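Below is one structure, written out as structure tokens; the observations come after it.
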Amino acid sequence: KSSKREWKPLEDHSCTDVPWLLLFILFCIGMGFICGFSIATGAAARLLSGYDSYGNICGQKNVKVEGIVNSGLDLTHKKYVFFLDPCNIDLAHQKIKSIALCVSACPRKELKTLADIQKFAETNGSTLCSYELQPSEYTADPRAAKLCPKYPVPESAPIPFFHRCAPVNISCYAKFAEALITFVSDSSVLHRLISGVMTSKEIIMGLCLLSLVLSMILMVIIRYISRVLVWILTILVILGSLGGTGVLWWLYAKQRISAGALETQVAKDNLQALLIYAIAATVFTVILFLIMLIMRKRVALTIALFHVAGKVFIHLPLLVFQPFWTFFVLILFWTYWIAVLLFLGTTGSPVPNEEGFVEFRMAGPLKYMWWYHIVGLIWISEFILACQQMTVAGAVVTYYFTREKRNLPFTPILASVNRLVCYHLGTVAKGSFIITLVKIPRMILMYIHTQLKGKENACARCMLKACICCLWCLEKCLTYLNQNAYTATAINSTNFCTSAKDAFVILVENALRVAAINTVGDFMLFLGKVLIVCSTGLAGIMLLNYQRDYTIWVLPLIIVCLFAFLVAHCFLSIYEMVVDVLFLCFAIDTKYNDGSPGREFYMDKVLMEFVENSRKSMKEAGRGGGAEGRELKPM
């Protein structure tokens, strides 16, 4: 019934899915309760000021804990937490296996003997041994071997805002990383990788900035020269892939010739890395050429599609900045979530452990707040991303269904945000909750698969992977359907289920066009991402090549390429979103309007040409036939 009713784009505005908005507000209140509870129970003070192994909070007077000898001390003048063995990290329980004390100052230079520790205490008034030892007893008392720090004591400095003494030397962190990265059998390799990142940090930052600039330039090119963009991208990707592969093989040959004169371990590692990179680049180039050969007949369709989307960006330039505010809001929420997570880590009542020290643990139903907090991370993150999708959909819908483009609102983006806040937050909450319901089981299965790695049989491992893969595919399908449901909601102010059903009917009726547009459009946007990554990676190879004799640039190059891909994906995903919204608007326009008086088309001349060109392309490809004539009425 809903598919036969008359659509009135942008004429009727009503609140949608209000119960889901109320449910989402109640859930957020629960998230706030968790934060308030952790702060009220002293977790914020323990997190920021730090506490020792006896339950004393540094920098204040404390209350005695029953059964703990050194608890209840006045540590007003001892504001920093100092670990006797800061590099002894227990990854299984996510904590430092060391006695923690409150001290008045961190050792700013290395202390090699007990005499140096005693001299530091007498000079600075900061006792680094346990509270029951006086500085004069450090060298005479036999208990000092257990109650004083492991020496040499590394140089350390307080962490800003958190009052913890952290070692300045990176070797301690390298040992921590060695425990995390289990595939590195030789610890010296990891030390050289980390030193390579630290040596090349300026180059890494410069290349990350370059990827951001290239992404912005690509968005400008899409806006102004969309008709020639496809050919430009195709030629540049061909030249870039060939050039990158050729440069890698040239560098490999050059370094192999000069390897006899320089037999250092760094040079050998770089030579091996170059060979792996060159082989991978060659395989990638061959696969890329084969895909481009298959897709060459659909280039004309993509040119017309990109031209229409580029015209939208000309009228709505603020769409380019959508990734910035979305990323900013996500960063703010993730910062809050991590802070509350850290509060939860120090929440609870002091309980003596088997070693005679104090741990803070929650008892009863409160210990399940972790799960509520994790669900909140997924749901609210998906809610923020869905708000971006609804905002973009609302702005593009306003552009499409406004017959006179000069009558567009001054800022369609802000008008779309206003409609979202006033009418459609419940729809966004419901759509994001559906994605959360699929994402949580997939994450649980991934966690089980990780924990059982090497223990389960081949059949169980295969079943787990199949379930994870199916849930991932379901999540992607629901995400695509949600995006089109948001577009239908922006057009006609219907609730989520009605909008999803209407959008699904439209997409099924235009299945051939959906397949063609998504395939070709996504492929061309993928080429844009490849272009940015190849350009940034090539610049990184040329810059890091000057440091090849003393720096391993495998890890820096990987970091730069990953960052470049993420930046390109954030920008071009907005373009992809605009294309999808435009197509759904176009399909609705052609289904419910026929060009007769009172039922005129909303589309402009450029989109009309796009329809005709796409028809011809599909007929030439042999994929139109009778179904093509039934999909859309003749113009």
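Placed from the backbone N, Cα and C atoms, the Cβ positions cover glycine too.
Residues or ranges marked as transmembrane segment in TrEMBL: 20-45, 203-222, 228-253, 274-294, 300-320, 327-348, 368-401, 523-544, 550-572.
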Which residues, given as numbers and ranges, are at least 6 beyond the ends of the transmembrane segment (274-294) yet have a Cβ under 8 Å from it? 234, 237-238, 241-242, 244-245, 248-249, 251-252, 255, 523, 530
Intrachain neighbours beyond the transmembrane segment (228-253), with Cβ under 8 angstroms and 6 or more residues off its ends: 221-222, 271, 274-275, 277-278, 281-282, 284-285, 288-289, 292, 299, 302-303, 306, 310, 524, 527-528, 530-531, 534-535, 537-538, 541-542, 545
Remote residues contacting the transmembrane segment (327-348) - C-beta distance under 8 A, at least 6 residues beyond either end: 31, 34-35, 37-39, 41, 43-44, 46-47, 51, 360-363, 366, 369-370, 373, 376-377, 380-381, 384-385, 570
Short question: which residues 6 or more past the ends of the transmembrane segment (523-544) have a Cβ under 8 Å from it? 200, 203, 206-207, 210-211, 214-215, 218, 230, 233-234, 236-237, 240-241, 243-244, 247-248, 251, 288, 291, 295, 302, 306, 551, 553, 556-557, 560-561, 564-565, 567-569, 572, 575-576
